[in-house]
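The region 'Disordered' annotation in Swiss-Prot covers 1-27, 883-904. Look at Swiss-Prot and you will find 1-11 tagged as compositional bias 'Basic residues'. Positions annotated as compositional bias 'Basic and acidic residues' by Swiss-Prot: 12-21. Residues or ranges marked as DNA-binding region by Swiss-Prot on the basis of sequence analysis: 34-61. The feature Zn(2+) 2 binding site is assigned by Swiss-Prot to Cys34, Cys51, Cys54, Cys61. Feature annotation from Swiss-Prot assigns Zn(2+) 1 binding site to Cys34, Cys37, Cys44, Cys51.
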Amino acid sequence: MKQKKFNSKKSNRTDLSKRGDSPNIGISKSRTACKRCRLKKIKCDQEFPSCKRCAKLEVPCVSLDPATGKDVPRSYVFFLEDRLAVMMRVLKEYGVDPTKIRGNIPATSDDEPFDLKKYSSVSSLGEEGILPHNGLLADYLVQKGNSMASSAITSKSMASPQTINVQRKEFLVNSKKQDGSALLPETGSPMTSDARAEELRRCNKEISALGTMRESSFNSFLGDSSGISFAKLVFTATNFRQDSGDDVLDEDIKQREQKYNGYAEAENNPHFDPLELPPRHAAEVMISRFFVDTNSQLPLLHRELFLKKYFEPIYGPWNPNIALASDQTGINSAFEIPITSAFSAHTEPKRENVTEKIDVCSSVDVPWYDTWETSQKVNMRPIVELPTKFHIPYFFLNIIFAIGHATQVLKSDITTVATYKRRATKYIASLFSSSDRLEALAGTLLMVIYSIMRPNVPGVWYTMGSVLRLTVDLGLHSEKINKNYDAFTREIRRRLFWCVYSLDRQICSYFGRPFGIPEESITTRYPSLLDDSFITLTNREIDDYSDLPSPNPSSKVIALAMYKIRRIQASIVRILYAPGAELPRRFMDLESWRIETYNELERWFQVDVPKNFEMMNCKFNSIWFDLNYHYSKSILYGLSPKFPTLNDTAFKIVLDSTKGTIDVFYNLCVNKKIGYTWVAVHNMFMTGMTYLYVNFYSKNNINDCQEKVSEYTEKVLIVLKNLIGFCESAKTCYTSYKILSSVVIKLKFMQINDAKGIFSDSNPLTSQANRMSSYDKKTNVLGFDDGTFDNKVFNRTNFEEKAPFDIPLDEFFTELEKHSNVSQFNTLDVSEGNQVINESASTNTSSALNCQSYTNNQDIMDILFQVTSGSVWDEFFVRSGNGNEGESSYDISKGKNSESGGIF
């Protein structure tokens with residue numbers, strides 16, 4: 001019986017093997033052990049494409065060629081299918097249709113016959129007539145197909161896995177020589193031993209290395225909510241003549257680009273002094289700006305706790321005449337931290353190698369700033385060391401200095417910002433070794449905020465991932481767990497959670513990624529609206545601060561309004577952009593849900609948004625509420641997978657919301673109050689493109705006149721140009737938008753002088769180009785002053801007098817034709833009435849065009865974020881370290897938040 005049972009199993013395995021690798025062609029695969037299992041002399045399960053042992057150890061699973069002894073794929077069928085799929089995907093990314101490429105071997109009777117001469121010439125490409133497997137042929141095909149970007153295409157976008165692994169190993173080697181400044185907090189228990197801290201250090205260095213792998217941005221997922229596009233016009237404009245034209249010779253742009261080098265020099269300055277502190281008055285200004293502009297929206301720091309725990313040990317008591325989001329209430333100078341509290345600083349003995357003079361100056365009653373200042377006067381810097389008890393205060397102060405100084409990016413000094421951040425990361429290991437994990441979470445959240453503003457290692461996506469893991473590990477999303485803590489701790493936990501929630505929803509919405517914590521798992525209440533001066537550690541009579549009314553003004557109304565708009569935005573993204581999202585049962589259809597969401601958005605703007613400084617208890621710029629209001633309407637009624645076409649109502653709402661967004665950013669630019677640079681670039685470019693889309697396609701007079709379109713177009717370009725030097729993707733977006741806006745305006749507002757019809761030529765696109773070229777000579781369609789922005793209000797008269805931006809339309813439309821199906825344009829008529837579709841076309845033709853428009857918007861929705869999101873990913877998400885931020889080149893093929901630190 002046992003023998004029969006064994007034979008039965010063997011028979012089953014044999015039947016499985018006969019099925020082969022591919023169910024479609026029935027090719028039997030060789031059942032042989034892999035190389036590693038052979039060398040280890042262990043049983044191989046012979047699974048494809050990798051055995052379980054190799055997959056578990058994350059090592060290549062290959063076989064040995066019995067003839068040559070060299071490594072070979074375990075299945076050539078799997079290998080060739082994968083290789084072909086990769087090449088076809090890369091060709092599509094570069095605008096080449098793989099299905100139109102014909103080889104020498106015919107596949108159907110309609111193909112060209114076999115050419116023996118071509119087959120014989122293959123032997124010249126490699127030994128024994130075999131094509132080389134080093135990627136050169138793939139490089140050649142991709143570069144050949146990428147005709148619209150014939151200028152320098154960096155080879156990094158096609159780096160082989162071997163190259164990426166080498167880069168990762170080099171980073172790991174270099175990171176061992178550093179001081180652990182790139183660490184991330186893990187989610188384990190408090191760090192009470194050196195072994196646990198060392199384990200955390202190694203783990204987070206690996207995360208940092210993962211975040212710096214310079215793989216192609218196309219390998220990084222960017223979802224539908226990251227942006228929309230309108231067909232091949234966008235694709236052509238973003239790849240057309242990027243390295244030619246007036247911008248290359250623009251000295252102003254070249255000077256702006258020099259700022260990248262300043263940031264890199266600050267990151268690598270060998271004379272860096274980690275102990276240096278700004279003067280007290282400068283520190284007070286930056287801290288005040290941080291609390292008004294950033295902490296008011298994300299109240300992760302309790303004001304009095306911050307002053308008592310971090311500021312006073314370094315600078316001494318705070319000046320009561322300086323408000324910290326406390327214009328109407330003041331600061332509670334009697335705030336105390338009980339020694340038994342979990343929030344008290346656990347000091348350690350002073351280092352023994354510090355001189356006697358420094359010991360005296362470092363007494364309990366003397367702030368460390370006085371000690372440091374004294375050491376500078378008597379030239380004792382070489383022997384001064386920072387006591388361990390000041391490491392965490394140094395981190396918090398310096399990262400807040402960096403954020404506070406960078407909130408007005410057009411005024412800030414990029415070198416100073418980088419230096420403050422570098423000092424903070426010098427002491428970040430002490431933060432992650434703290435027994436207070438809420439403190440570690442708050443510090444990491446500050447790093448996330450900085451990473452949104454400036455390049456950082458690891459990037460914001462990986463830092464935010466660590467924050468989310470720690471948040472879930474602490475149970476901050478669950479109100480049930482919060483009930484186990486005292487009122488003050490419960491309040492801090494709620495505040496930290498909603499800060500994490502806001503940042504997660506913001507980042508994921510911009511880049512179309514799944515949210516870190518699902519809505520159905522969140523039960524945590526909103527934090528209290530009381531001002532921080534009324535929330536103390538010593539009041540044991542209060543059970544829950546969130547239950548108390550707030551009779552006095554408080555900046556918490558700003559944060560609460562931001563929490564609510566993030567929830568609305570998250571609902572929009574989840575319903576309209578997530579492929580598997582379900583509509584709430586109380587709604588009959590998507591349109592009824594959208595109307596209800598629109599009404600909810602209006603209620604938020606009219607009721608929840610504070611209307612004056614007195615209510616906000618500080619001078620927070622309320623323009624950020626306008627920005628979120630317009631942005632939310634844009635994503636609610638703009639193109640999305642659930643609404644790939646727009647009706648008249650959507651066209652009207654999106655037109656108004658995009659103009660509102662452009663006005664807000666232009667106002668911030670004029671007043672030099674833009675911050676969070678890459679978010680501003682991303683939002684401004686996407687909004688500008690959406691504005692052009694609406695004006696290009698909308699009918700029934702739902703569009704702006706030529707003068708108005710030109711005015712808003714220049715506003716977009718002014719903002720993008722002023723951000724060059726602070727965000728590397730700004731120049732790419734500036735050039736692409738400049739080209740596309742000129743073409744769209746000429747297409748939309750051209751005047752037809754030829755009565756013979758616009759498609760008299762055999763090439764419809766070339767015919768359009770000829771007409772546009774003649775029109776360009778007669779009309780000043782679009783002109784831009786590339787001089788330095790002088791901070792003056794937009795002058796329409798001066799704008800109309802400027803020389804037009806000359807676009808070689810013959811070349812543009814020739815390039816456009818390469819990526820468009822000409823038959824799609826056969827019924828197009830750019831008439832004087834601005835009708836895109838010929839009114840005399842048949843019903844069937846119109847239906848076909850509508851179907852094509854539906855598919856077009858659905859299929860190529862990712863074109864725009866190749867310019868912003870792809871480049872932003874490379875710059876801020878997987879940025880390489882070692883101070884090379886200012887030197888990295890930009891590839892056009894690879895490729896929101898601003899007043900004084902406002903977060904859009």
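Even glycines carry a Cβ here, placed using N, Cα and C.
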Within its own chain, what residues at least 6 apart in sequence put their Cβ under 8 Å from the Cβ of Cys61 (Zn(2+) 2 binding site), listed in sequence order?
Cys34, Lys35, Arg36, Pro49, Ser50, Cys51, Cys54, Ala55, Arg74
When you average the Cβ positions of Cys34, Cys37, Cys44, Cys51 for the Zn(2+) 1 site, which other residues in that chain have a Cβ within 8 Å of that mean position?
Ala33, Lys35, Arg36, Arg38, Ile42, Lys43, Asp45, Gln46, Arg53, Cys54, Cys61
Return the residues near Cys44 (Zn(2+) 1 binding site) by Cβ distance under 8 Å, restricted to its own chain and a separation of at least 6 in sequence.
Ala33, Cys34, Cys37, Arg38, Cys51, Arg53
Would you mind checking how many other C-beta atoms are within 10 angstroms of the C-beta on Cys51 (Zn(2+) 2 binding site)?
20
So of Cys34, Cys37, Cys54, which of the binding-site residues has the fewest other Cβ atoms within 10 Å around its own Cβ?
Cys37
Could you give the mean pLDDT over the DNA-binding region (34-61), rounded to a whole number?
87
What counts of helix, strand and coil residues does DSSP assign across the DNA-binding region (34-61)?
12 helix, 0 strand, 16 coil
